[in-house]
Structure formats: structure tokens, C-alpha cells
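Asks: First the structure, then my questions, so here it is.
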Amino acid sequence: VVKEKNRMGECPVWEEREGALVYVDINSQKVCRWSPLTNEVQSVSVDARVGSVALRQCGGYVIALGTRFAFLDWDTQTTTTIFEVEHDKPNNRFNDGKVDPKGRFFAGTMAEETAPGVRARRQGALYTLFPDHSVIKQLDQVDISNGLDWSLDHRTFFHIDSLAYAVHAFSYDVHTGKIACPRLLYHLEKEEKMPDGMCIDVEGKLWVACIDAGRVIRIDPETGKRIQTVRLPASRITSCCFGGKDYSEMYVTSAYDGLDEATLAKEPQAGEIFKITGLGVKGIPQNFFAA
């Protein structure tokens, strides 16, 4: 549905108030907004790689930018830094993020590659930005902090560390925002490659984008089993979210960075954004950052 190609399209968020899909292109350092009505993509350039974007209650967006939490004012195209982490890790940057049921923004970090396929291990962490602008570290020694979401009863937090090739579940205290007691929920099979972004549907099932495997998979957290696979026409599938008028459409981002010329020739749609319909299940609206 979005033909404008992204080097590293990520973190799609359906913004009901605009009737639009908001997402980032990490490597192009842009936050983008696509309107299905006009088919137009607008974008705001920022001064560092931007790992994730989320909606703010008062309008505009909260973003995870470089190693900073920041607010983005869409109308003036300006960013305001709220909090910076990891001053001691110049090679790190923020990656995926999402707002919890109480309006706190969770986002995690990762080490950048120093050469193709080479990165320092366990340099990342997971942070929570509270509405009062305070920040706590929830997890340490993460490789690539990635997809995240919460169970429908708000008692479980789901999180992906990509290089663990797994989805983990944590107990989650909705009152404090703290997570604890990790357990393995699902380990990806060989052909599913590496897990990236993730979202939840109204039945409480998880959808995981599998980068380099050209698919999204649906997982039942109760049984820890994969129950559905949807294949897409690009291999570097990065993330997914539900949207549209009744949240029955799934939007899926992809990337073309990391593909050689031969693969790009075989995958003319690499970097585009796809819409999956007919899944027979809906998603839930995104939470707003409460400040």
C-alpha cells in the first residue's frame, strides 16, 4: 500500500485521530505518516536514527531517537529531548518501543554493527519513560531489544530479544509498570529466522514479524505454539500493527537495507509497506503516552 521504499521501515502505529499510519525509517532518520485517503506520505527528518514512534495524548509523538527519548511536534517539525540514556555507549541506539496500558513508553536499545554481521553482544537494555519524564531501566544485557506488547488482562508483558530468536513473557504490574519473572514463550524455528516487531490481537494472540524470513507468524501465548503464518513478497519483514477503520487490517513494514543487488532484483517490493486483509481477527487501538 505504501510504494515509497524504506531503508529500514519499522514501528508502524495506526493513528485513529488522523486516520493514518505512522512509522519510522530508522536508517533514513525519518518519522513518516501515510494517509490511505490521499495515499500521500509526509515525513519529518530527525538528527539521529529513530527506532520507534508512539502517540501522545496531547498530540504529536514520543520517539526513541539515538539514545534519547524525545517529543516530536509534527506541525513545527521540531524535537525536544526529554531524557538521554547510555552516555557511556556511543555505539548504541534505541530500537523498538511501545506505550503500555497506563501511558508509559517502553523502548529498548541495541549495539550498532561495527561491520556487516558484527556487533558487540549484550550491550542493550530496556527502559521505561514515565509520564513525569522519569526513566527506569527494566532489563540489562539485551542483544537487540525489539518487539513488545501487553496481554489483554494487563498481567503479562511480552518482549523479543532478536538474537535470542525468542519471545519471552514477563509478569507485569500495571500499577508500577515493573516487569519480572521472565520465561520463554516461543523459540523461532529455523525457517522463521529472526523475530523483529510484534503486536497483539483482540483474541490475545501475538503476531511476530520475522526479518529475513518474509513472513509474520501468529503465536498463541497460552500454548506457546505457532498457529498461523502469512508470507509476504519481501524477505526483510520488520514489524506489524493492526489499523484501519475497525482495526481489521494489518500493516506490515519492511526494509531494503542489507539486501544485495541480486536479491533486490528478485524483490522489487523490498522496503514497501504491505496491508494484510481477511485475517478474520482484529487488533486493538494503540495506547497514548500520558503526557
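From the backbone N, Cα and C atoms, a Cβ is placed for every residue, glycine too.
Straight from TrEMBL, here's the annotation block:
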- D196: active site, proton donor/acceptor (ACT_SITE)
- E10, N146, D196: divalent metal cation binding site (BINDING)
- R93, N95, E113: substrate binding site (BINDING)
- 8-255: domain 'SMP-30/Gluconolactonase/LRE-like region' (DOMAIN)
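For each listed feature, how buried is it and what is near it?
Replies: Non-local neighbourhood of D196 (active site, proton donor/acceptor): D96, N146, G147, I160, S162, V208, A209, C210, I211, I237, T238, S239, each in the same chain, at least six residues away, with C-beta under 8 Å from its C-beta.
The local packing around N146 (divalent metal cation binding site), expressed as other Cβ atoms within 10 Å of its Cβ over all shown chains, amounts to 32.
Cβ-based neighbour count (10 Å, all protein chains) for N95 (substrate binding site) stands at 26.
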Asks: Other Cβ atoms within 10 Å is the metric here; tell me which of the binding-site residues E10, E113 scores highest.
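Replies: Per the Cβ count, the most surrounded site is E10.
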Asks: Taking only C-alpha atoms and a 10 A limit, tell me which of R93, N95, E113 are near E10 (divalent metal cation binding site). These are the binding-site residues.
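Replies: Near E10 (divalent metal cation binding site) by Cα: N95.
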Asks: Taking the domain 'SMP-30/Gluconolactonase/LRE-like region' (8-255) alone, what is its mean pLDDT?
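Replies: The average pLDDT of the model in the domain 'SMP-30/Gluconolactonase/LRE-like region' (8-255) works out to 97.
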